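Feature list (source: TrEMBL):
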- 2-136: domain 'Formamidopyrimidine-DNA glycosylase catalytic' (DOMAIN)
- PRO2: active site, schiff-base intermediate with DNA (ACT_SITE)
- GLU3: active site, proton donor (ACT_SITE)
- LYS61: active site, proton donor (ACT_SITE)
- HIS110, ARG133, ARG190: DNA binding site (BINDING)
- 276-315: domain 'FPG-type' (DOMAIN)
- ARG305: active site, proton donor (ACT_SITE)
Amino acid sequence: MPELPEVEVVRRGLVNWVRGRTIDAVEVLDPRSIRRHALGAADFIGNLEGAVVSDVVRRGKFLWMPLADSTAAAAEDPGTAPAPKAALMAHLGMSGQLLMQDPSVPDEKHLKVRFRLSHREGMPGQLRFVDQRIFGGLFVTSLVPTDDGGPGGLAESPLPLIAEEAAHIARDPLDPAFSFDLFYQRLRKRRTGLKRALLDQGLVSGIGNIYADEALWRARLHYARPTDTLRRSEARRVLDSARDVMLDALDAGGTSFDSLYVNVNGASGYFDRSLNAYGRTGEPCKRCAAAGIHSIIRREQFMNRSSHTCPVCQPRPRNGRW
Ligand SMILES: [Zn+2]
């Protein structure tokens, strides 16, 4: 599954190409890719044709494009346009890609849905959803008010609206409206282990297994640390670490932002060289090695997955919780 930075790479890559453009036509080449749209292909197409893509928004790993009424000329003057009521939701799944292509480019082998966009000088005319393994998909959903009145997520022109499917998840560490105080309050009440809390999308969204292990390593905290014993400074440290790891991954993927080929794996090069804990089982801990201490990264089973820790700089708490 793509992690949050990869989805953010897609959002940034896409927004400059699609924002303010009208969807002139939609072609569903494989109905399996819109199976989450319960009312079927005709309804899917009917909702989209003639709509203006007003933005590309992300919260956690959820990505959506709010749809404005084209008659409102939302693109030219967003200030006077009525708020969008619906959005095109994109689940990238394992292999989903959103590609900007010129109509002259032959169809990709796994092309599933094609959007013809209104003409824009120097920009490709089509947005294509390509998905080899069909775990991803597209559907139209409602936009609902956010529960805290803040922006729905990271966006170019933030609105206090969120795609219904994403409304239940907490803000992610890259969201400017993320509230550390609220996170810390909820964290202290959880009475669980720290890593389980970091993976809980209702507490903080967008942190997957890799980023949890990396954030814990950077913060020098063990995954089983009981959350109700965490000091404010420790909670701040692990959250800042999660944000820093994500920002580093974004920097590494930044070169692909201007590419026409917006790939969910855009940031994957980061993982080849920058991981400190995840996937380094049996290798020396870099921080300990720098201090002249010999310590080996250890892998343990955790929630049907694995956790990677350094036994020296992330010691196990006596009263650990899983
Ligand atoms: Zn270490």
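Any Cβ shown, glycine's included, is placed from N, Cα and C.
In TrEMBL, annotation is done automatically, which means it is predicted and not curated.
Not measured: the values here are computed from a predicted model.
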Neighbour count check, CB within 10 A, over recorded positions LYS61, HIS110, ARG133, ARG190, ARG305; minimum at ARG133
Per the 10 Å Cα distance test against LYS61 (active site, proton donor), the recorded positions PRO2, GLU3, HIS110, ARG133, ARG190, ARG305 reduce to PRO2, GLU3
Check: min Cα-Cα distance from the residue listed as 'active site, schiff-base intermediate with DNA' over recorded positions HIS110, ARG133, ARG305 goes to ARG133
Model confidence over the domain 'FPG-type' (276-315), as mean pLDDT, sits at 94
Same-chain residues at least 6 beyond the ends of the domain 'FPG-type' (276-315) with CB under 8 Å of its CB atoms are 195-196, 199, 209-210, 213-214, 216-218, 220-223, 322
Whole-Å Cα distance, ARG133 (DNA binding site) to GLU3 (active site, proton donor), is 17
Rounding to whole Å, the Cα atoms of HIS110 (DNA binding site) and GLU3 (active site, proton donor) are apart by 22
One should report the C-alpha separation between ARG305 (active site, proton donor) and GLU3 (active site, proton donor), rounded to whole angstrom, as 16
Other C-beta atoms within 10 angstroms of the C-beta of PRO2 (active site, schiff-base intermediate with DNA) total 24
Counted with DSSP (H/G/I as helix, E/B as strand, rest coil), the domain 'Formamidopyrimidine-DNA glycosylase catalytic' (2-136) has 31 helix, 46 strand, 58 coil
